Amino acid sequence: MNLSIIKAELLEAEKVLQAFLADEQNLKNIEKAASLLADSFKNDGKVLSCGNGGSHCDAMHFAEELTGRYREHRPAYPAIAISDPSHISCVGNDYGYDAIFARYLEGVGRKGDVLFCLSTSGNSKNILNAIEVAKAKGISVIALTGKDGGKMSGLADVEIRVPHFGFADRIQEVHIKIIHILIYLIEKKMA
């Protein structure tokens, strides 16, 4: 009986990935995002990543594999996940949770940097606020979204959307694949 559940879960994950692959624009946007990131690094820029919940963990994972390593040894790339607990608790307390990413970007973000956002709904107010600050500062925006892109649709320089309207975990599974592909492409572009 559990084998049927396991198989159904894996088949659903496959279906979501196939729907993502069916849209050629998604593949082009991954290439565009990798170029944007590599160009930023080559010009002394950095990437600042953010997300909420599981997407927050993915934002940290992305930054960690850029500053640490992915598969092979190579120079570290400048990446910061906006995840400092003292910053989040201070800004959350003093300004509200909707300001946690925007406030960090105000202090640390510079023209030529890239804001890398993850939101399965595309409606996270704290990320929308960060995008607004990024645009005002000349910071490029890459957004990994799901469903119909939500309020983030059309706001990013590059949006990579997983067109799934079910549970968020299926969207996150594709997001982590995108993250790994981006790192692989960045390494090739930086070599």
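Note that Cβ sites are derived from N, Cα and C of the backbone, with glycine treated the same way.
Matching H87, H180 to the Zn(2+) binding residues that Swiss-Prot gives (H61, E65, Q172) identifies H180.
When other Cβ atoms within 10 Å of the Cβ of H61 (Zn(2+) binding site) are tallied across all protein chains shown, the result is 19. If you compare every pair of Cα atoms in N52, G53, G54, E65, N93, D94, S119, T120, S121, S124, Q172, the residues listed for substrate, the longest distance is 32 angstrom.
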